[in-house]
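Structure first, then comments.
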Amino acid sequence: GVRDGYIAQPHNCVYHCFPGSGGCDTLCKENGATQGSSCFILGRGTACWCKDLPDRVGVIVDGEKCH
């Protein structure tokens, strides 16, 4: 299946990006999502949000620190 979420690097770390750049859209589409955008997460900074991301691709788990 698919779901929306903040795409994760290994160890529950976000992909940082610059608002207004196409980086998140490209990253998300390369991983099978339909689109991507940058969103601000409190305590983590700007991160990539993907729409319709396949289940096989990791997303950020709430409450777990980047390590």
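Glycine is no exception: its Cβ is also placed from the backbone N, Cα and C atoms.
Given the structure is predicted, the values throughout are model-derived calculations rather than measurements.
Of the listed cysteines (Cys13, Cys50), only Cys50 is recorded by Swiss-Prot as the disulfide partner of Cys28. The secondary structure of Cys28 (disulfide bond), as reduced to three states from DSSP, is helical. Residues in the domain 'LCN-type CS-alpha/beta' (3-67) partition by DSSP class (helix H, G, I; strand E, B; coil) as 11 helix, 27 strand, 27 coil.
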